[in-house]
Amino acid sequence: MSLVYLLIAILVIMAMILLTSKRRAMAKYAGYIALTAPVIASIYFLLQVPSVIKQHYLSVSIPWMTSLDINVDLRLDGLSLMFSLIISLIGIAVFFYATQYLSSRKDNLPRFYLYLTLFMFSMLGIVLADNTILMYVFWELTSVSSFLLISYWYNNGDSQFGAMQSFMITVFGGLALLVGFIMLYIMTGTNNITEILGQADHIKNHALFIPMIIMFLLGAFTKSAQFPFHIWLPRAMAAPTPVSAYLHSATMVKAGIFLLLRFTPLLGLSNMYIYIVTFVGLITMLFGSITALKQWDLKGILAYSTISQLGMIMAMVGIGGGYAQHQQDAIASIYVFVLFAALFHLMNHAIFKCALFMGVGILDHEAGSRDIRILSGMRQLFPKMNLVMMIAALSMAGVPFLNGFLSKEMFLDALTQTGQLSQFSLISMIIIVCMGVIASIFTFTYALYMVKEVFWTKYDSKVFTKKNIHEPWLFSLPSLILMVLVPVIFFVPNIFGKGIIVPALRGVSGGNHQIDPLVPHVSQWHGFNIPLLLTIIIILLGSVLAIKVDWKKVFTGKIRQISVSKGYEMVYRQFEKFTTKRFKRVMQDRLNQYIIMTLGIFMVIIGYGYIRIGLPKVHQLHVSEFGPLEVILAIVTVIIGLSLIFIRQRLTMVILNGVIGFVVTLFFIAMKAPDLALTQLVVETITTILFIVSFSRLPNVPRSKVNKKREIIKISVSLMMALIVVSLIFIAQQADGLASISNFYLRADKLTGGKNIVNAILGDFRALDTLFEGLVLIITGLGIYTLLNYQDRRGQDERE
């Protein structure tokens with residue numbers, strides 16, 4: 001099955017989900033229909049693993065807008081396969097989990113699963129795209145679907161604000177990324193990613209190389225919640241927990257990391273890129289791990305935990321980016337080791353963090369709270385979730401015998417080896433190691449503290465008063481499966497390493513086969529070395545801080561109020577006030593003012609073109625034959641048009657406007673175009689009658705005083721537009737080098753079966769244009785229908 005067929009199959013499933021919204025009895029099955037999408041995708045990608053290991057990559061290219069080099073280019077190599085497996089396999093767990101989490105009585109299930117499947121489709125599009133513009137389209141689709149999912153409970157103010165904040169930040173990054181893609185096209189002349197990476201040596205010497213890197217970093221940092229763009233992720237926790245488990249821990253937040261990994265052969269040629277990504281990642285890791293201890297909400301803790309872990313992966317991506325400069329050097333193995341560690345931890349993080357979010361969701365769903373000040377002694381009520389969250393949290397902390405320990409050891413090992421790399425000095429290495437170790441200590445602290453406070457403190461029935469708590473097996477099943485994978489990967493890491501991570505490394509290197517001998521062998525025991533010593537320090541200090549310190553009392557008062565998000569909110573409010581004032585000044589609910597603005601902008605554009613290229617000399621002027629009737633009709637039209645400027649009665653103005661239309665009908669008759677005349681007569685009659693009838697529905701607004709300044713502006717704009725139209729007619733007649741297309745229509749109209757040339761143009765030559773004009777009318781009608789029925793739907797929702 002082709003990659004295109006897979007994406008089409010997902011779209012078909014989305015259509016089936018949409019059909020279930022028509023009947024409430026069918027809506028409860030929407031989740032199981034949606035579940036087929038990740039199942040089909042998982043089976044497909046698992047079947048491709050043997051081929052990708054043998055370096056037999058799938059690629060598809062379908063022409064789209066070939067003149068702009070925008071095609072549907074898809075490619076499945078090792079890197080895209082690894083991310084596709086994460087998206088689809090984690091998707092199975094999340095989709096099934098959502099069927100148990102959401103209620104068919106309270107929630108609009110078809111809408112939720114449609115958005116969730118759209119997000120999965122968009123993420124697969126990002127990782128499979130081999131065309132920059134196609135990648136951008138899917139990139140923004142993830143922002144749109146994320147917005148829809150975060151605002152799913154739209155009656156909740158936090159959901160609305162969180163959705164808008166995440167949308168604004170990620171779309172800003174997406175637009176910056178688009179600018180970067182355009183710069184790449186200017187430098188290379190292609191939008192194909194494989195071809196772009198093949199020109200890396202040429203691009204690095206271009207003047208746009210550094211600006212392009214900055215645009216890429218803005219796109220990656222906003223999407224992957226790097227400091228200071230991290231603020232949208234905690235707010236996004238207002239979404240349903242399945243959304244948090246899927247988008248905001250395992251998939252969407254990894255899109256920025258994927259972008260940098262995909263373009264590592266190009267971006268890694270700049271030392272500036274390596275420094276920025278490394279230190280921004282470490283700052284994010286440190287900031288996230290400390291801020292997580294300020295949170296009382298379990299999802300808030302996991303949100304900042306995700307920010308911290310993403311920073312950790314980002315730092316390794318930055319350090320490993322130097323491989324692009326040193327592929328043939330002796331130190332190339334260090335860069336490969338760091339990139340391997342980044343990919344390994346990316347996979348591990350998706351597993352244990354998704355399990356943690358699911359555990360928190362079950363606690364919230366069954367216990368009715370996520371507040372660690374209320375939850376205590378939950379191991380008695382939730383024994384399965386106690387096991388799941390304890391193992392997943394300890395894996396995140398880097399405790400032995402769990403998969404997180406292996407990737408955390410590799411991370412510490414990578415930091416200690418930075419001193420051997422040309423990009424980093426000894427002082428830089430010391431700073432990097434200190435930042436990584438301190439962040440890891442706080443990571444261990446909040447992981448252990450979270451589990452201790454929720455499960456291992458004394459149960460207090462006075463604080464937690466909810467009764468009849470139960471822990472359904474089907475609800476717990478996805479998190480239990482993910483929990484089992486945590487120790488399994490620890491004991492057999494190289495099965496995943498050779499089958500998934502090594503092919504992904506080839507993708508990161510741009511298909512360089514020389515990377516294979518440099519790939520590290522993952523072992524559980526490395527002997528007594530510096531990373532092990534650092535791990536012992538992290539565990540000891542982290543345990544003391546988690547057990548001996550009551551972090552609920554540490555971050556209180558003014559310390560707790562310090563927040564980067566509040567700075568964003570202040571800027572947002574000021575920006576909103578500023579734009580509201582300007583908006584009210586421009587948007588005054590006067591249609592003629594909007595028309596003046598639109599025409600004014602058009603005139604400025606045309607005028608600028610005239611200034612730049614100048615007006616051509618009029619050396620020929622073709623004027624159609626005309627008689628006395630045409631002259632009389634033209635004079636009548638001008639007189640009526642001028643009179644409209646001075647008349648103030650609405651009814652008279654409408655009638656005179658209709659008269660102009662009837663005069664145009666006479667023009668068509670004089671020019672021997674009866675079909676056009678009949679069409680014009682019918683349309684003009686209907687619109688004039690409707691216009692007059694609509695007066696009965698319009699409010700009796702007092703007549704406004706004549707504003708001479710406004711009238712002068714109207715007349716000036718009208719005269720200028722008339723001059724521009726006439727000048728464009730003259731310019732069109734001077735085009736000697738181009739043959740008129742009119743002759744083609746005259747020769748080919750017989751083939752259409754039409755009775756006249758106008759019908760042939762509308763029905764055949766520009767049929768697609770006519771079709772889309774009809775589509776615009778349909779969309780407008782649907783919008784009006786939605787507005788008219790808004791109150792009815794709102795009342796029905798309130799009754800339900």
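Even glycines carry a Cβ here, placed using N, Cα and C.
Per Swiss-Prot, the features are as follows:
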- 33-53: transmembrane segment (TRANSMEM)
- 78-98: transmembrane segment (TRANSMEM)
- 118-138: transmembrane segment (TRANSMEM)
- 167-187: transmembrane segment (TRANSMEM)
- 273-293: transmembrane segment (TRANSMEM)
- 300-320: transmembrane segment (TRANSMEM)
- 424-444: transmembrane segment (TRANSMEM)
- 472-492: transmembrane segment (TRANSMEM)
- 627-647: transmembrane segment (TRANSMEM)
- 651-671: transmembrane segment (TRANSMEM)
- 712-732: transmembrane segment (TRANSMEM)
- 768-788: transmembrane segment (TRANSMEM)
Proximity verdict for the transmembrane segment (273-293) and the transmembrane segment (167-187), three or more C-beta pairs under 8 Å: no
Recorded stretches the transmembrane segment (78-98) and the transmembrane segment (472-492) touching, at least 3 CB pairs under 8 Å: yes
Annotated stretches the transmembrane segment (167-187) and the transmembrane segment (300-320) touching (3 or more Cβ pairs under 8 Å): no
Long-range Cβ neighbours of the transmembrane segment (472-492) (under 8 Å; 6 or more residues past either end): 93-94, 96-97, 100-101, 348, 351-352, 354-355, 358-359, 362, 365, 384-385, 387-388, 391-392, 395, 401-406, 524
Dominant neighbour of the transmembrane segment (118-138) in 33-53, 424-444, 627-647, by Cβ pairs under 8 Å: 33-53
